[in-house]
Number of protein chains: 4
Amino acid sequence: MVNRDELVVKSLGPCRVESPMLHLLKPRERSYYNVDPADRVLFDDTASALARRGSSPDDIPGFEPAGPRPEIYFDPSKTHAGIVTCGGLCPGFNDVIRALVMELHFLYGVRRISGFCNGYQGFIPKYKRPVVDLTPQSVSQINEAGGTILGTSRGEQNAGEIVDCLERMGVNVLFVVGGDGTLRGAQAISREVEARGRKIAVVGIPKTIDNDICFIDQSFGFQTAFSVAADSIHSAHAEAKASPNGIGLVKLMGRHSGFIACYAALARNDANFVLIPEVPFRLDGENGFLAALRRRVQRSGHAVVVVAEGAGQELMESATGADASGNAKLGDVGVFLRKRITEDFAAANLELNLKYIDPSYSIRSVKANSFDAVYCLRLAHNAVHAAMAGRTEVVVSRWHGRFVLLPIPLAVRDRHTVDPNGDLWMSVLESTGQPAAFG
Amino acid sequence: MVNRDELVVKSLGPCRVESPMLHLLKPRERSYYNVDPADRVLFDDTASALARRGSSPDDIPGFEPAGPRPEIYFDPSKTHAGIVTCGGLCPGFNDVIRALVMELHFLYGVRRISGFCNGYQGFIPKYKRPVVDLTPQSVSQINEAGGTILGTSRGEQNAGEIVDCLERMGVNVLFVVGGDGTLRGAQAISREVEARGRKIAVVGIPKTIDNDICFIDQSFGFQTAFSVAADSIHSAHAEAKASPNGIGLVKLMGRHSGFIACYAALARNDANFVLIPEVPFRLDGENGFLAALRRRVQRSGHAVVVVAEGAGQELMESATGADASGNAKLGDVGVFLRKRITEDFAAANLELNLKYIDPSYSIRSVKANSFDAVYCLRLAHNAVHAAMAGRTEVVVSRWHGRFVLLPIPLAVRDRHTVDPNGDLWMSVLESTGQPAAFG
Amino acid sequence: MVNRDELVVKSLGPCRVESPMLHLLKPRERSYYNVDPADRVLFDDTASALARRGSSPDDIPGFEPAGPRPEIYFDPSKTHAGIVTCGGLCPGFNDVIRALVMELHFLYGVRRISGFCNGYQGFIPKYKRPVVDLTPQSVSQINEAGGTILGTSRGEQNAGEIVDCLERMGVNVLFVVGGDGTLRGAQAISREVEARGRKIAVVGIPKTIDNDICFIDQSFGFQTAFSVAADSIHSAHAEAKASPNGIGLVKLMGRHSGFIACYAALARNDANFVLIPEVPFRLDGENGFLAALRRRVQRSGHAVVVVAEGAGQELMESATGADASGNAKLGDVGVFLRKRITEDFAAANLELNLKYIDPSYSIRSVKANSFDAVYCLRLAHNAVHAAMAGRTEVVVSRWHGRFVLLPIPLAVRDRHTVDPNGDLWMSVLESTGQPAAFG
Amino acid sequence: MVNRDELVVKSLGPCRVESPMLHLLKPRERSYYNVDPADRVLFDDTASALARRGSSPDDIPGFEPAGPRPEIYFDPSKTHAGIVTCGGLCPGFNDVIRALVMELHFLYGVRRISGFCNGYQGFIPKYKRPVVDLTPQSVSQINEAGGTILGTSRGEQNAGEIVDCLERMGVNVLFVVGGDGTLRGAQAISREVEARGRKIAVVGIPKTIDNDICFIDQSFGFQTAFSVAADSIHSAHAEAKASPNGIGLVKLMGRHSGFIACYAALARNDANFVLIPEVPFRLDGENGFLAALRRRVQRSGHAVVVVAEGAGQELMESATGADASGNAKLGDVGVFLRKRITEDFAAANLELNLKYIDPSYSIRSVKANSFDAVYCLRLAHNAVHAAMAGRTEVVVSRWHGRFVLLPIPLAVRDRHTVDPNGDLWMSVLESTGQPAAFG
């Protein structure tokens, strides 16, 4: 399709001028997201392409492609599918539910589809959650609303009890829509099924508004989320500019990963400072954040600060405990920064008009935008294909733009975070003009 | 980072049931977008990753990664940059202009940036188009509006005259934002520069609302465009459902490539039929489109048809001639289908309430959504990096999610089209339920 | 509450300078919408307020206030309500249906509510349209979509057949949502009911996207409509500015009344010329529209023209016939102007880049915005109050901001049009800068 | 135009059935917003209309109509206009500034227009705020952004110092855009001007996002504001429905007036309880709010509560002090309710998933929607007309749909509040189903 030489880029001549960006480039180490310029991105990233070229790709890691198979494992007319949605709200839940049902019903002819309510609680007798029959009729309009028609909850439940329920109801195929903790739960369910010698496929559709699941290009709902977040930053900008020494401070989602903060800050270019968990910062001192902020306000009259909720945790007296999902409780960095900025300006005897915006609930509850709607649909289709072909303990993913199948253990092994050496963070530094490090 | 075995997906057992989707699968040939299930998608798609694994990637095609270089070719303080926007409107033009100027000014310290007006006409004396000084001040708010502040025009201009102008004005670095024809023009400019022994970098930012440039994951403005297009389809759906035997017929952009039609149809699931240039169809006969449409309306009371402007050209008496960009004039397939559907229903003595919507100008003139805004910004940053490092006759691209540099000759060698064997078209078939072929 | 003297406005002194706007003011005659400055707008516009002041308001025209009555005519537990929606789509149909059902069910306890499908056809046996049971459950989400769940159709049907149907089904209360022609039909139904000595209340909710029903401050859906229309004008503006000698030409709804064109043109201030049915214009001659447009384009490089569909009919060879609603068929003024402008520029040997946008179907099919949603709700509530109190041959209306009851004969006696002497048209002249008259 | 009899509504017969809504109707007293059904709303609410009918309208309160006058007081070529924006942000500020400048420049030919920055601080030397030249060029795009390009501040400044500044700069005409406190300031300026025997017109454009200025149909920005607020309620609804015993609690603007809460609650019908300052409520007891909320959640599984910031102040330990605008500091009713609801559910041993949303800054900083954009434009035009005609100590207003001139003393005499006996609150009760009173 294309040969090597065609991909060679012309150059006017050797580069002998030191880049004015060198101060930003020097501290960057090579990484997956910061490739050596002398390296190359493969045109065709499949193992077969390598083999055709004479390379031996046998021991090179590669994903199983997703997609429909000519022969499948389950007999559709005897298949009972279950769907459950878990964790915090995220744009696209209903799109996924809808597409699962439509695909199972119309493409495969599966007629029994049960929706379990309020996450894993829906399988446990003591919670008394209803089970809902899902039909094309009942789901046809649900993608026009945010939230999830099945409800959700946080927290794990006993895998044994869940498999008891699946067995009692004769569910063969279980679709689990959720994040890190939820997928660990799905893995436990799958292992329990295996231990009992049952044939129940457990397939995940990865959900994380923070975009923090590994080995996934981007999680569904993420684009919708950062788009709404960008509007909040725009509001903060309008507020900041309207008042003398105005500061707009926006706290966004991102417990461990600052993707929403980064993308939202890039979207409308209103932010002057972006603080994320992956890049620690100091508050005090001449090169600290507070001094940089103060200088910016004195120079320009206003500033906009975007902070991901997981940023700066090391600066606060540590919060303790965990929520029902097992997530460590975070200190509220937004409230903390508001206090510290206020004190800092007071100490410098400077007027301050700080407006603090925390839009999280308004972001995660909107319906999916058009891109995410398409993406949810295609993830769901591929989840159905995988399940009907008997794949289990697996989540559907998109990697390099291709839909692939990802073993759950790998998906939950680590977190996807913003690479401080990568091109996204470089874009943030370029766009905001903030220093590469505070302190 | 990850080893081979970790990527193996669990399976419940061998697949022995024939898939109910087999009729859709059988006609599909393997392709770049329809990978054999036994194949693998590489985890790390760089040449260096292969080398680390012991493969010899030397002769495997790979792109030069984009990004800032520690040493650059041009001396920023002596650099004069030019920017020109060409062809039809597309969401994001102003985002690109803004980001080019900001990056050149603040990151590299380039102080002379000239905007040439109305496409390549801006270089040619006889058109008397003004040249605009571009500064951070003058571009700071332009991303809030659609269109392009530099204006645009279709059509090529003499490369010699253009290089005369660049030489007269001392422009060292030229950024060209445009599509297929525009990039061919940029190639001609680059060749002329080379022939004269000059050192002027010519760097393209690929613009095509149709998403039809090769070797680019997705072109800027595309997501915005299909999102607005999806709203038009939603309107057509409301109209169709409101009237007895209602048909909503929507013509969308897509001269050679049906991407907008496909994605817009998937976004809100309102379409029942999608017609694209890549998949020819017959109108007449029992298995033709008209009979299928008629049956659908009789069964369900209404239908929504989405057609890309380049579809069905072989069915019309051929239009002749070409527009100023050298594009062949297309017959108006929307008007043609409206006529044929109307005649068909009349012949069948059926009531018909057909509403025809042609939203193209309202789609291409809106401002970029948040995703495209970020994407434009990063394309522009990488274009600046490439130009300052002396790369020329090149366009910035994103491939497999990575920003890369793509030689112009390759970008214009062919068109990016929807693969009839690929996963996108499969998604459309799954979602609409339309037959794999008409006729 | 307030006395006369408190309303006297302070003045710096007598006005002795001739206004630069005098050329716009001179041709204006006094009208309902162009009050003499020496006149006064009453603080309290109720008859009782006059009486308290000692005036005798007996013979002064006044509306019956809408609203709930302590005693009503129908016994809710024995009431069967019917709802029908007629004519072209308009944002808010579903909001009205929803609010009628909710109010009847929850506030009055009416349990039998039938929806008749596809307008008046729904009552006539030969069309075989279904009758739909409407319940709070079935309508709870319908306001999130445009269109009407009951469908619609144009055209009258025989009042006798309709009343036959109402009698057969025992409908006591009929809600008719529609425009001019529909309300005439409602009047005929009401008269037939009266002639038969039956007690069936016929209550209209006035629907006209053109805002052309008399004695109504503003019709529902109008604000949504002009808001979407303003976006189309904005697109036309982006297109016009992007091309040398660019003209954006937008045709909007408005058969007899140019309200949408006027308000949409004012919303984002992109229009340079607004043409409406109420203000005839000449095309040719030095002071004609074409010459004015040509001068504008030569001076500024681009122009945006907004034309209501009913404008300039006298300039075209008259179209003949009528549509199913009895509306006279209009010549297509958009296509006509496109042709004439193109010819005019060609004759003057001027480049022209004209983009023509006709967004009507995309405007009328969207869902109601928040204002219209509230307005629909309150109109529907008041329609229920009126019907339950036995009012008939009546439409609910808002007058001077108050909800009132308006006899149908008055509502259909005339059309509401833009007053060429009024303040709205003056605002358009001030905002566009176009001359008070062409020719 | 219309005579008395034409306005008589037909009735099927006397009303003898007690309304099921009687419990809502009984406690309502007649008011301006709750007219006796036997009363009448005048068709033409002008004094001249009364006179034509033979009534003597001399002593009936009436507003001076707004609009352009044939003769004006100021000579445009010698006029220097000033503009200042004050108080909290509100959608439409920039639309007003833009329209003032355009109208002064193009319609009247006023060439000197100065913008004073950060409210009244802009006139006071010690604050060192800049003065900005406002031209059609500089304001042409500002309506596309929220906020105000002039900045704003709270609080009064010394009228003497302000008039000193106006005299020094030769400002003849001052436009003040602001609310209650700002208009009091404008009155003081006007009085000081008068005391000095100067001829400086002081004209207000009333700004209040709460819609709480008297004698104004609706303030600009209000429709935009409640529309965005309705989206927050929709988010709260999605959150509430997604969790077992979910409660969405939304705090909206409205220090003294619950208009935003009422309209936003009506817009998408998601709210179950609306709490406003005008309708006191009890928390405790069998008929209190907490018990009603608990019952609702137990019955339906979730609930949405909307509270205006000024509601329930009497229930909290009183906050003290005032902000810079002289507004009494309010207790935070949102945080207070969150605490009390949480305690109440804990005491009842009920699960609770409460999500609290406080969207105020995101509401007030957006740009005006199309309706408000038109409204701002027309208010500004009429402000210019009034000022050029030498009117002073006046604000422009719309009353009964007509633009009128309102003396400032009257505008600030009282507050516009939701009438607990009026039709708006009745609509809220009808729509939410909440009891007429708690406790």
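From the backbone N, Cα and C atoms, a Cβ is placed for every residue, glycine too.
All protein chains included, A:D210 (active site, proton acceptor) registers 29 other Cβ atoms within 10 Å of its own Cβ. The annotation active site, proton acceptor is assigned in TrEMBL to A:D210.
According to TrEMBL, the ATP binding site annotation covers A:G88, A:R154, A:G155, A:G179, A:D180, A:G181, A:T182. Under the DSSP three-state reduction, A:D180 (ATP binding site) is assigned to helix. Annotation for A:D180 (ATP binding site): spatial neighbours A:T208, A:D212, A:I213, A:V412, A:R415, criterion Cβ-Cβ under 8 Å with sequence separation of six or more.
Annotation comment: TrEMBL describes A:D180 as Mg(2+) binding site.
Reduced to three states, the DSSP call for A:S362 (substrate binding site) is helix. Under the heading substrate binding site, TrEMBL lists A:T208, A:I209, A:D210, A:M253, A:G254, A:R255, A:E309, A:Y361, A:S362, A:I363, A:R364.
Annotation comment: TrEMBL describes A:81-386 as domain 'Phosphofructokinase'.
Per TrEMBL, the feature site 'Important for substrate specificity' maps to A:G181.
A coil conformation is recorded for A:G254 (substrate binding site) in the three-state DSSP classification, outside any helix or strand.
Those recorded positions from the list A:G88, A:R154, A:G181, A:D210, A:S362 that have a Cβ under 8 Å from chain D Cβ atoms: A:S362.
Residues A:T208, A:I209, A:D210, A:M253, A:G254, A:R255, A:E309, A:Y361, A:S362, A:I363, A:R364 are listed as the substrate binders, and the farthest two of them sit 17 Å apart at their Cα atoms. In space, A:D210 is the closest of the recorded positions A:G88, A:R154, A:G181, A:T182, A:D210 to A:G254 (substrate binding site), judged by Cα positions.
When the binding-site residues A:E309, A:S362, A:R364 are screened for a C-alpha within 10 angstroms of the C-alpha of A:G179 (ATP binding site), no residue qualifies.
Looking only at other Cβ atoms within 10 Å, the busiest spot among the binding-site residues A:G88, A:G155, A:G179, A:G181, A:G254 turns out to be A:G254. Less than 8 angstroms from the CB of A:S362 (substrate binding site) sit A:V228, A:S232, each of them six or more residues away in the same chain. In this structure the residues listed as binding ATP are A:G88, A:R154, A:G155, A:G179, A:D180, A:G181, A:T182; their two most distant Cα atoms lie 11 Å apart.
Here A:D210 (active site, proton acceptor) is positioned 15 angstrom away from A:T182 (ATP binding site), judged by their C-alpha atoms.
Reported as a whole number, the C-alpha separation between A:G88 (ATP binding site) and A:R364 (substrate binding site) equals 8 Å.
Around A:E309 (substrate binding site), the C-beta neighbours below 8 angstroms that are at least 6 residues distant in the chain are A:K251, A:L252, A:M253, A:G254, A:R255, A:L330, A:D332, A:V333, A:G334, A:S360. Recorded residues A:R364 (substrate binding site) and A:D210 (active site, proton acceptor) have their alpha carbons 10 Å apart, per Cα-Cα distance. Ranked by Cβ neighbours within 10 A across all protein chains shown, the binding-site residues A:R154, A:R364 are led by A:R364. Other Cβ atoms within 10 Å of the Cβ of A:T208 (substrate binding site) number 26 in total over all chains.
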